[in-house]
Amino acid sequence: MAETDRTAPAVDFVGGAVGYRFRSQAGRSHALLKATGVSPTRSLHVIDATAGLGRDAFLLASMGATVTLIERVPEVHALLSDALEAARNESDEFAAIIGRMTLLHGDARALLPTMQADVITIDPMHPPRTKTALVKQEMRLLRDLVGTDPDVGDLLAAALSADCGRVVLKWPLRAASPQASRKPSHQIAGKTVRYDVFRRPQRPTESSPRA
Ligand SMILES: C[S@@+](CC[C@H](N)C(=O)[O-])C[C@H]1O[C@@H](n2cnc3c(N)ncnc32)[C@H](O)[C@@H]1O
């Protein structure tokens, strides 16, 4: 039997944790859905500006969203591309989900100003935690490939000025937020991460009272 390359993270939408979450429908109560507003009854277009292993993007697409994934590291982009193709060939059900996912190669800081979406999600490589045992194997392998993403402030700035109704930043629960031009509208906290949600400020309408 051929040995698996365990220097690369596994990207697999059909088996493993992602496939289990899909089949068991455990993802239906995931905080990311609340943060983004994605649900099977709304057909939103989401840009996942930090595609990584594609887990978040697959969850969103499996809940009916159309998702554009952006990944800048060539090796990670290639792993994702292969995994999308494998899942497309798995079954009609998977093919329908993968049909809502479009993978782009590039730096989201450059691409976002040319794009439009209902929601942009950002999940950069977070600063290493001291309790390294808590970081899952796949994330450790991804970090070996990618390093950290020290330019998250620039990415958040690009997202906040893009043509989009909502920006969602996934960030360690207790870490200080990156610099941003405005404060989050609200936060959704999980056990170890939180989602900072930035809604587009309302533009004054003709009928709004003037100050
Ligand atoms: C923590 S991982 C994302 C994990 C992903 N949310 C998932 O569900 O698998 C971060 C990824 O974002 C990518 N990334 C970071 N900044 C980026 C940028 N400006 N443009 C494109 N990709 C970026 C990194 O290369 C890395 O693969």
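Just so you know, glycine gets a Cβ as well, placed from its N, Cα and C.
Small disclaimer: the values here were computed from a predicted structure and weren't measured.
Features as listed in TrEMBL:
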- Arg55, Asp56, Glu71, Arg72, Asp123: S-adenosyl-L-methionine binding site (BINDING)
- 179-211: region 'Disordered' (REGION)
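The S-adenosyl-L-methionine site in the record is lined by Arg55, Asp56, Glu71, Arg72, Asp123, and its two most distant CA atoms lie 17 Å apart.
The most densely surrounded of the binding-site residues Asp56, Glu71, judged by C-beta neighbours within 10 angstroms, is Glu71. For Arg72 (S-adenosyl-L-methionine binding site), applying a Cβ distance below 8 Å and a minimum sequence separation of six or more within one chain yields His105, Gly106, Asp107, Ala108.
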